[in-house]
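What follows is one structure encoded as structure tokens, with my remarks underneath.
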Amino acid sequence: MESLLRFLALLLLRGAVAEGPAKKVLTLEGDLVLGGLFPVHQKGGPAEECGPVNEHRGIQRLEAMLFALDRINRDPHLLPGVRLGAHILDSCSKDTHALEQALDFVRASLSRGADGSRHICPDGSYATLSDAPTAITGVIGGSYSDVSIQVANLLRLFQIPQISYASTSAKLSDKSRYDYFARTVPPDFFQAKAMAEILRFFNWTYVSTVASEGDYGETGIEAFELEARARNICVATSEKVGRAMSRAAFEGVVRALLQKPSARVAVLFTRSEDARELLAATQRLNASFTWVASDGWGALESVVAGSERAAEGAITIELASYPISDFASYFQNLDPWNNSRNPWFREFWEERFRCSFRQRDCAAHSLRAVPFEQESKIMFVVNAVYAMAHALHNMHRALCPNTTRLCDAMRPVNGRRLYKDFVLNVKFDAPFRPADTDDEVRFDRFGDGIGRYNIFTYLRAGNGRYRYQKVGYWAEGLTLDTSIIPWASPSAGTLPASRCSEPCLQNEVKSVQPGEVCCWLCIPCQPYEYRLDEFTCADCGLGYWPNASLTGCFELPQEYIRWGDAWAVGPVTIACLGALATLFVLGVFVRHNATPVVKASGRELCYILLGGVFLCYCMTFIFIAKPSTAVCTLRRLGLGTAFSVCYSALLTKTNRIARIFGGAREGAQRPRFISPASQVAICLALISGQLLIVAAWLVVEAPGIGKETAPERREVVTLRCNHRDASMLGSLAYNVLLIALCTLYAFKTRKCPENFNEAKFIGFTMYTTCIIWLAFLPIFYVTSSDYRVQTTTMCVSVSLSGSVVLGCLFAPKLHIILFQPQKNVVSHRAPTSRFGSAAPRASANLGQGSGSQLVPTVCNGREVVDSTTSSL
């Protein structure tokens, strides 16, 4: 197959030689000849093959190869006895033209196989080339990646090693296709990574891209987009610039970029000529972008000339290199008379000084008299030539150990062995490096150089002139000094923005639009949610609340009424005063235990009633106390029991009065169970009913504590007893029944003045109690969402219930005992039974005898006679 391809190349070569015009070639004689391929001219327009002379990337790089060859040939330690020659061609910055030129490199190989044997034509004769040049040992070049790719595809057929000094396409690292290619520069994916890191450094997440057609631009921008996606950077629009685009076409590209106003940053992976035209179109349209450009732009003045305003603020990348002072001296001393070996130098001279040798006005000029800017890749050209020389030197030492001349083993040079065994394994200190620089020339297993880039910004200096300023470098990581960049320095204020959507606030997450990872809507999290990530709000859960940074949750403190709270001070004060008042009443009753008022009130039931009132006041302290299992048990037990003690005693009293006077109306016998012991037993039986209900409640719903959070106030966690408010209502239902019955009896006996009108006062007590309960129960259940209001309502209501008993029932008795003692005496009455009607005889004898008198009593419209003072 390779023989067939070589034969086809031979036919193409003969056609090119027969039909093509005469071309310029730089030839230097030598024992071993190195080919050279340089863009001496820029690419031409549609009607011409080549354009103007390319001073920096063409002439300077070509002269750098000649400079390196001169130094090598004079070096007694590198290839001594072997002289290196050159066969240098012009690529005109076009891959097709370069491929035509590169056929010169393989002409000498077309008549021989890889093993040196001569090719045999189909008719049996040997293939011959009458004007075949010296065989090319290796090639230095080309510059552009698409040129190197085309040439590499040709050279590999003839096993000719190739070392490029500027081609950075990632495709060239594929050793299955470019197995004789190496380069002293790193591949573009390092540069693409550096550019993506620059964008991420400035938080530019939405950018446009422009790439030159061809392998350099297209593969470079593909590598950049891959690195950008890994860093969540999105491309708004991707544009390409062609080889022969008109000014209008470049303006169309700029207008396309302007269609994405949020993408203020444009990433360029273009050749220098395309970058120059794009900047010119931008300036004509008075547009403005922040450019981030590859080494195709680099730090070239020719790119920005005439478009300085459009280029201002750009960030560009250039392979890290250092100027070679010896080359600067060499180049500045050149002129057309001492550099006749370079056939393009006279043309360069005329364009550089705008003179003409026909008019003899070029002799007065000198390169030493004009500013000199050394092209940034001169170092890589020199390193490429030295790498080939070191590889040949090592090969010579291995194959020709006994001579400094070429031996038969290197006639011709085996290109496969030269590349595999010597070029890829070469390692030496870079020539002409500064003393403080540690620069080693070597290749990795893909034939690539080591990656390090300098980063520049194009700025306007204080004198109004524009210049490139180095602001950092990239070597497996980004280092930037933003204080040098005018728009990024601290004094500049806000950085230029290039993003599709504004950053979300701390309490918001991104709702990404389909297909646009850089475009989103900001959705606020709920107050009880934290940010699980930048796209998700997560519920903290009941009892937890997001921290200040919304990165997690913390457990909310448990809230309950504390003794020092305003919500506790009022109820506790009322309870304390009520308890003291109860103890005072108890003390007065005990002190006057044998007096008629106390005896007539039913001492045993009064003491039980005072105990219930005191328990009502004590319940305030239990409800204010911090909830615990014991406290919750006491709450359940104490609340219903306190009420049942009070209302059981009152019910027993009113029931007794009702039965007594009910029997008197009907003339019945003395009612049963009206003795003190019976009354206490009835009261205790009624209380035990409440105790049984509470006991069942405690069994069915075990007491304990729980955390409660209202849906509308999740930031508040209340420490509460675990019983339900409905179950509390069930416990109080029994007391409601007692109150209803007690109120009924109080109403029935309201006109009975027995025992100092006690029935009337019991009625007042029950009426007021009903009002309190009718107000308390709705408030208690309506305020269930606010534990403080509910607890305070409960405490005040319970205390009021006790206070009503004290005020309405005991206060009148206390008033008689303390302030009307004359009423607190025994009244003598006739020994007539309470349950018999007063006889006329007794009435006639009223006031006679022993002084006893009958006191008529009217109860509910019936007159009865009471012969006793004490009810018990």
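Here the Cβ of each residue, glycine as well, is placed from N, Cα and C on the backbone.
For reference, Swiss-Prot has these:
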- ARG57, ARG61, SER145, ALA166, THR168, ASP295, LYS377: L-glutamate binding site (BINDING)
- CYS50-CYS92: disulfide bond (DISULFID)
- CYS234-CYS518: disulfide bond (DISULFID)
- CYS355-CYS362: disulfide bond (DISULFID)
- CYS400-CYS407: disulfide bond (DISULFID)
- CYS500-CYS519: disulfide bond (DISULFID)
- CYS504-CYS522: disulfide bond (DISULFID)
- CYS525-CYS537: disulfide bond (DISULFID)
- CYS540-CYS553: disulfide bond (DISULFID)
- CYS632-CYS721: disulfide bond (DISULFID)
- ASN203: N-linked glycosylation site (CARBOHYD)
- ASN286: N-linked glycosylation site (CARBOHYD)
- ASN338: N-linked glycosylation site (CARBOHYD)
- ASN402: N-linked glycosylation site (CARBOHYD)
- ASN547: N-linked glycosylation site (CARBOHYD)
- 1-18: signal peptide (SIGNAL)
- 590-604: topological domain 'Cytoplasmic' (TOPO_DOM)
- 652-679: topological domain 'Cytoplasmic' (TOPO_DOM)
- 748-760: topological domain 'Cytoplasmic' (TOPO_DOM)
- 820-872: topological domain 'Cytoplasmic' (TOPO_DOM)
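Within 10 Å of CYS500 (disulfide bond), counting C-alpha to C-alpha distances, fall the following of the recorded positions ARG57, SER145, CYS234, CYS518: CYS234, CYS518.
Sequence-distant neighbours of CYS525 (disulfide bond) (same chain, 6+ residues apart, CB-CB distance under 8 A): ASN507, GLU508, VAL509, ARG531, CYS537, PRO546, LEU550. DSSP assigns ASN338 (N-linked glycosylation site) to coil in the three-state reduction, outside any helix or strand.
Compute the center of the Cβ atoms of ARG57, ARG61, SER145, ALA166, THR168, ASP295, LYS377, which mark the site for L-glutamate; besides them, the chain residues with Cβ within 8 Å of that center are SER143, TYR144, SER164, TYR165, SER167, VAL185, LEU319, PHE380.
Of the listed disulfide-bonded residues CYS362, CYS632, the Cβ environment within 10 Å is emptiest of other Cβ atoms at CYS362. Between the listed disulfide-bonded residues, namely CYS50, CYS407, the fewest other CB atoms within 10 angstroms of a CB are found at CYS407. Per-class residue totals from DSSP over the topological domain 'Cytoplasmic' (590-604), listed helix then strand then coil: 9 helix, 0 strand, 6 coil.
Here the candidates are the recorded positions CYS92, CYS400, CYS522, ASN547, CYS721, and by Cα distance the one nearest ASP295 (L-glutamate binding site) turns out to be CYS92. Of the candidate recorded positions, THR168, ASN338, LYS377, the one lying closest to CYS234 (disulfide bond) when CA atoms are compared is THR168.
Other Cβ atoms within 10 Å of the Cβ of ASP295 (L-glutamate binding site) number 25 in total over all chains. Taking the Cα of CYS522 (disulfide bond) as the reference point, the closest of the recorded positions CYS50, ARG57, THR168, ASN203, LYS377 is ASN203. Distance from the CA of ARG57 (L-glutamate binding site) to the CA of ASN286 (N-linked glycosylation site) is 30 Å. Here the disulfide-bonded residues are CYS234, CYS518, CYS522; the one with the fewest Cβ atoms within 10 Å of its Cβ is CYS522.
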